[in-house]
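A.B. asks: Before I ask anything, here is the structure I am working with.
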Amino acid sequence: MKTLQFFFLFCCWKAICCNSCELTNITIAIEKEECRFCISINTTWCAGYCYTRDLVYKDPARPKIQKTCTFKELVYETVRVPGCAHHADSLYTYPVATQCHCGKCDSDSTDCTVRGLGPSYCSFGEMKE
């Protein structure tokens, strides 16, 4: 019985501590309409699991906030997109997460949908590295 209890506690600890919300490296596709192609860049963003629960009984007095792994702090970096027309603005600014936490998704600055386009989506056919 003690082995079963230890195993249960170990699984809880692993779920909470080991799969936490943390910075991770990702590759995103960036595009400028004036340039008509995409390039991929490496950046950091937040990924992982946050403890959350969904009650069976919906209490109107309790806020309905599901915590998600999101950025706590971020900076912006700028890259020049090659191959743009001379009159076009070839600079593209993108966010880089520097610190993560489990919190409410801010829909003013983040795509909080279940099925977003994804970081590698490119609306143009040509992708350059």
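Cβ coordinates are placed from backbone N, Cα and C, and glycine is handled just like the others.
Quantities reported herein were computed from a predicted structural model and do not represent experimental measurements.
Dumping what Swiss-Prot says about this protein:
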- 1-18: signal peptide (SIGNAL)
- CYS21-CYS69: disulfide bond (DISULFID)
- ASN25: N-linked glycosylation site (CARBOHYD)
- CYS35-CYS84: disulfide bond (DISULFID)
- CYS38-CYS122: disulfide bond (DISULFID)
- ASN42: N-linked glycosylation site (CARBOHYD)
- CYS46-CYS100: disulfide bond (DISULFID)
- CYS50-CYS102: disulfide bond (DISULFID)
- CYS105-CYS112: disulfide bond (DISULFID)
A.B. asks: Can you tell me which of the recorded positions ASN25, CYS35, CYS69 is spatially closest to CYS122 (disulfide bond)? Compare CA atoms only.
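C.D. replies: Considering only the listed recorded positions, the nearest one is CYS35.
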A.B. asks: Return only the integer: C-alpha distance in Å from CYS35 (disulfide bond) to CYS46 (disulfide bond).
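C.D. replies: A Cα-Cα distance of 29 Å.
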A.B. asks: Among the disulfide-bonded residues listed here, CYS38, CYS100, CYS102, whose Cβ has the fewest other Cβ atoms inside 10 Å?
C.D. replies: CYS102
A.B. asks: When the Cα-Cα distance from ASN42 (N-linked glycosylation site) is computed for each of the disulfide-bonded residues CYS100, CYS102, CYS105, CYS112, which gives the smallest value?
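C.D. replies: Considering only the listed disulfide-bonded residues, the nearest one is CYS100.
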A.B. asks: Of CYS21, ASN25, CYS38, which recorded positions are close to CYS102 (disulfide bond), meaning a Cα within 10 Å of its Cα?
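C.D. replies: Cα within 10 Å of CYS102 (disulfide bond): CYS21.
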